[in-house]
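Quick look at what TrEMBL annotates:
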type	residues	note
TRANSMEM	21-42	transmembrane segment
DOMAIN	22-514	domain 'K+ potassium transporter integral membrane'
TRANSMEM	62-83	transmembrane segment
TRANSMEM	145-171	transmembrane segment
TRANSMEM	191-210	transmembrane segment
TRANSMEM	217-239	transmembrane segment
TRANSMEM	263-284	transmembrane segment
TRANSMEM	296-317	transmembrane segment
TRANSMEM	337-357	transmembrane segment
TRANSMEM	389-409	transmembrane segment
TRANSMEM	421-442	transmembrane segment
TRANSMEM	449-469	transmembrane segment
TRANSMEM	475-497	transmembrane segment
DOMAIN	526-793	domain 'K+ potassium transporter C-terminal'
Amino acid sequence: MDLSHGKCWNTPKDSWKNILLLAYQSLGVVYGDLSISPLYVYTSTFAEDITHSDTNEEIYGVLSFVFWTLTLIPLFKYVFVVLRADDNGEGGTFALYSLICRHAKVSLLPNRQAADESLSTYKLEHPPEKKTTSRVKLILEKYKALHTALLVLVLLGTCMVIGDGVLTPAISVFSAVSGLEFSMSKEHHQYAVIPITCFILVCLFALQHYGTHRVGFLFAPIVLTWLLCISALGLYNIIHWNPHVYQALSPYYMFKFLKKTRISGWMSLGGILLCITGSEAMFADLGHFSYTAIQIAFTSLVYPALILAYMGQAAYLSHHHHSTHHISFYITVPACVRWPVLVVAILASVVGSQAIISGTFSIINQSQSLSCFPRVKVVHTSDKMHGQIYIPEINWVLMILCIAVTIGFRDTKHMGNASGLAVMTVMLVTTCLTSLVIIICWKKPPIVALLFLIFFGSVELLYFSASLTKFTEGAWLPILLALFLMTIMFVWHYATIKKYEYDLHNKVSLDWLLALGPSLGIARVPGIGLVFTDLTSGIPANFSRFVTNLPAFHRILVFVCVKSVPVPFVPPAERYLVGRVGPTAHRSYRCIVRYGYRDVHQDVDSFESELVNRLADFIRYDWCQAHGASSSIEDNHVPHSNESSECRLAVIGTVAFSGSPAYEIEESVQPQIVSVDFPTVESVTDVIEMEPVLNGANEKRVRFAIDEESETDGSRLEMQMQLQDELEDLYQAQQSGTAFILGHSHVQAKQGSSVFKRVAINFGYNFLRRNCRGPDVALKVPPVSLLEVGMVYIV
């Protein structure tokens, strides 16, 4: 299925009615996690480090910290700054990395081409100007170690998001269910909360394969009900217990709190930071909504509701210092409404957990598309809603880890310490990447980025340092998970790069392919052979090995490269780059299929039929161009090449080429078939040092017109017959069947390699390769059509 890449707010996004509707819908998707934080913030803060005394200095200080933390981080940082750093409307860690890679040559992705920079979604915030090139950008581009460090920083943020996907469901559901302590004895409560929490978590993960679109319409009403509920409770507690609690919002109480509690108060910040858990979701889920909708929802409803909730809890606690129960959300709820609030809280915690689980699936899919995660099976759960995916292996691993965390920690304190460190690490990564975006993409003075980094970074570092002090009390878990995941991701990415370099240096020349024929005992059999490779030029070594062991190949031969580009989506009209390999009579082609990091790959049936259609369109276009078409390109910046036809690729769009001998295309409007000679990257070094396509290339006009006077009727008829023969060969081969030829690789480290490299390649990568999905599953190839070629890579 090749779903629309457009966002749900493409039409009519300017109307206030539509914006308000999106703001309402965003409550269930974006703010589920953030809205349930009042369940456990005060519980985690007053767990051990500080006590609630009769002077109320502690509770007022905590309230002041909560208020200013919510104001500075979600409101000022995310709503007013970070949300503007979108990548074609998409947000998240990879969106920031993608933006930086497009504006600076720091990408480590293999098989990158200059043609990728002509994509309509590959837009730059500002045209590149050599005179105003930032020194930070020059330094970042110069040193390869900084490219690796940037990728490691992105992977760290990614791993912590995955870690949050383990911790958030556990702490959310556990905190909601813990309200049962007021309805049963302490002994019964101790043995009931854990089983009930685990049961809810099992049900939550077991229903993931159905997708959220079936019950998604309930998410927004549940979160809205919850926000109204905690707002009403907050107002009631403020009016009934302490109408002057608003005075505690003054920053004076923060300093007073730290002065009295000293190191204990600093350590308690690890619980206070939980009030901003879920703030990153505002940015990560930006692609499903508009900037204005998310901004309106937060400033008009979510932010006021959370402030009222925390003020209400503080007002109640300021008059209850010696309660028989420990400090929690539910002691501030009047007994007459405690059961309804408990039900709504459990439902809201499930919605918040669902949001982070879906986000974990999404970010793992993005990591996989950028060759930073082992191949896993991605299932699209909705034909209508783009981005609704389900990953079976990850789902069950998350469920097991969530249950293990719940049973192992058994209290909010340890879960909160673990979750707080993961959340704050992700925010620090976002702050660092946004600072680079301000300089490199927005072209702002470095002092602006430095002020942003120092101001928000210092606040986050304060909380991060407090979280690290809880290392032995739960904070070790996200660090352990991050180290484990980063090892897997870095080993996989490193081995993938090495395999690509091996393929690049061992590719076969075009002359070798053209020399294959009956004289050498090589037969051409009916059908289409799709040879999958990571190379964008040359003949891959796995095909030469295939022909050596089986001296035959298909009548129609297509070298297919499925690659990812650093954009969120590739429009279907620009997805296929098609060209010839060798002369027309050889019937060999090259097809480069480009996907963005948020695109969902097509099913094999639709991919096969669409590929044949694109080949047919290309054949018609190529015959018109090569036999009587005169090409004129009204732009001097478009690169040309005098090399062989293998380097000549055409962007074939979704509208079939009519075959008319005269046509005109305006690329600035909506390109359907455009032919340009693009240089091909020949090595990983070239990926980094390749000059980008000049900005004027987006404004070119391509015209092809038949010169009727220069052609006789005989040559025209001959051309039409040859065109018809090639199309008939293509369609007859399609009827005979399609074979998918993939490499089955085994990777070994070279003799003399370091111990680290031998362990990473010989054991780590090969273990992952054997126990994860193969390329046939990732490409959705039917087993009956699969031909695997064994390859040993010595890297």
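Just so it is clear, glycine is given a Cβ too, placed from its N, Cα and C backbone atoms.
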Same-chain residues near the transmembrane segment (449-469), Cβ under 8 Å, at least 6 residues beyond its ends: 69, 72-73, 77, 81, 136, 266-270, 272-273, 417, 420-421, 424-425, 427-428, 431-432, 434-436, 438-439, 475
Segment proximity, the transmembrane segment (296-317) to the transmembrane segment (145-171), 3 or more C-beta pairs under 8 Å: no
Per-region confidence, the domain 'K+ potassium transporter C-terminal' (526-793) (mean pLDDT, whole number): 72
